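Listed in TrEMBL:
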- 81-387: domain 'D-isomer specific 2-hydroxyacid dehydrogenase catalytic' (DOMAIN)
- V139, N163: substrate binding site (BINDING)
- 173-344: domain 'D-isomer specific 2-hydroxyacid dehydrogenase NAD-binding' (DOMAIN)
- R218, I219, D239, P274, L275, H276, E277, G278, T300, D326, H355, Y356, S357, G358: NAD(+) binding site (BINDING)
- R302: site 'Important for catalytic activity' (SITE)
- H355: site 'Important for catalytic activity' (SITE)
Amino acid sequence: MRRRTIEYSIRPSPDVEASPWDHAIRTSLSKPQVASQRFSSGGSRGLKILAILYRGGDAAKQEPRLLGTVENELGLRSWLESQGHEYIVSDDKEGPNSVFQKQIQDADILITTPFHPGYVTPEVFNKAKNLKVCVTAGVGSDHINLNTAIDKKVQVLEVTGSNVTSVAEHVVMNMLLLVRNFVPAHEMIERGDWDVSQVARNAFDLEGKVIGTIGAGRIGHRVLQRVLPFNPKELVYYDYNPLPEEAAKAVGARRIDTVEELVSQCDVVTVNCPLHEGTRGLINADLLKKFKPGAWLVNTARGAICDKFAVADALKSGQLRGYAGDVWDVQPAPKDHPWRAMKNPLGGGNGMVPHYSGTTLDAQQRYAAGTKSILEKYFQGKEQEPANVIVGIGKWATKAYGQR
């Protein structure tokens with residue numbers, strides 16, 4: 001007879017359309033307060049799969065489509081257990097005694113998410129003796145030390161395209177809320193006040209502005225497509241990989257040779273590039289001085305691409321009129337992070353939110369299904385979709401993470 005053991009560990013709560021993942025994935029039932037569950041069965045152990053996801057709490061209990069949560073486990077538990085695999089899911093990722101640090105030591109596969117990243121440092125790789133595959137449930141694998149993954153011959157795979165539309169829409173929303181001075185206007189209404197001139201004095205139209213993207217890949221290109229109907233003065237982009245000629249012509253985008261030149265010309269700058277050695281700290285105090293005075297900056301790529309103190313200072317001085325995004329240099333962001341409360345001289349210009357642009361319910365359906373597809377191919381020894389491979393066995397498989 002098959003033997004089943006379940007252990008619970010409780011902690012207090014604290015670019016291409018994605019049609020390959022257009023089918024829904026059924027969710028498994030789990031206790032919403034559980035942060036970590038371990039299943040083991042008699043006979044062959046199969047593989048040990050560790051997933052670090054974010055806690056959903058009551059929201060995950062009420063909304064089963066929150067697949068990327070600890071509670072709903074990407075909808076994978078029943079499927080994995082039916083094949084005899086061990087599946088451990090947790091949000092506990094900080095410190096040497098965390099579930100992440102303990103369970104990674106003999107895990108075969110690690111599933112992480114950009115929204116609550118388990119940081120896979122060289123030290124973590126050294127203790128993960130059995131690790132063969134890291135899967136990012138979503139897009140963006142910078143929380144994994146990719147150079148060490150190459151050295152250790154650990155594959156890094158992600159669900160490319162799964163949330164590019166979601167993020168591009170969020171970028172456009174951020175542009176509008178900054179340019180139209182929406183947040184201070186809404187806060188005024190919440191306070192019970194009414195002073196049109198106080199908000200209108202810093203509100204503008206997106207029409208007629210020069211809009212530029214740093215990075216014109218799957219997300220950056222979609223941003224250019226979506227802002228074109230607003231009739232901007234010009235669309236420009238910087239990327240070491242130029243857009244295909246037809247794509248650039250369709251959006252009328254001009255390629256600029258340097259980041260410095262781009263920011264000096266733009267009224268609105270949006271960051272849509274991966275985080276790697278060449279982009280970490282890219283937007284620093286020196287570069288911010290080269291922005292047009294009073295420009296707006298949107299960053300839904302990765303928080304560490306921007307110097308947090310330099311951005312806060314630029315907003316306070318008015319060099320930036322506004323900064324918006326959902327990515328932070330450390331996630332969850334500490335309560336004293338300067339981006340939480342920074343303002344421009346008129347008391348607005350802050351559009352920061354938690355990291356959720358790429359984890360809408362639609363995106364979660366796609367990246368949960370994509371994660372299952374990646375695992376299924378791995379179990380069956382089939383080749384992965386080329387676009388999903390960031391690091392192959394001992395080598396780079398993408399040009400997205402810098403020129404190499």
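Our numbering is plain: 1 for the first residue shown, then up by one each step along the chain.
Quick reminder: no glycine exception, Cβ is built from N, Cα and C everywhere.
Taking a C-beta cut-off of under 8 Å and a sequence gap of six or more, D239 (NAD(+) binding site) has these contacts in its own chain: I214, G215, A216, G217, G220, R255, C273.
For L275 (NAD(+) binding site), applying a Cβ distance below 8 Å and a minimum sequence separation of six or more within one chain yields G140, D142, A301, R302, A304, I305. E277 (NAD(+) binding site) has a Cβ environment of 10 other Cβ atoms inside 10 Å. The shortest Cα-Cα distance from N163 (substrate binding site) to any of the binding-site residues (E277, T300, S357) is found for S357. Scoring each of the binding-site residues (N163, T300, S357) by how many neighbouring Cβ atoms lie within 10 Å, the top position goes to N163. Taking the domain 'D-isomer specific 2-hydroxyacid dehydrogenase catalytic' (81-387) as a whole, pLDDT averages 97 in the prediction. Residue environment of R302 (site 'Important for catalytic activity') contains 24 other Cβ atoms, counted within 10 Å of its Cβ in all protein chains. Spacing of H355 (NAD(+) binding site) relative to V139 (substrate binding site) is 13 Å (Cα to Cα, whole number). A Cα-Cα distance of 11 Å separates V139 (substrate binding site) from R218 (NAD(+) binding site).
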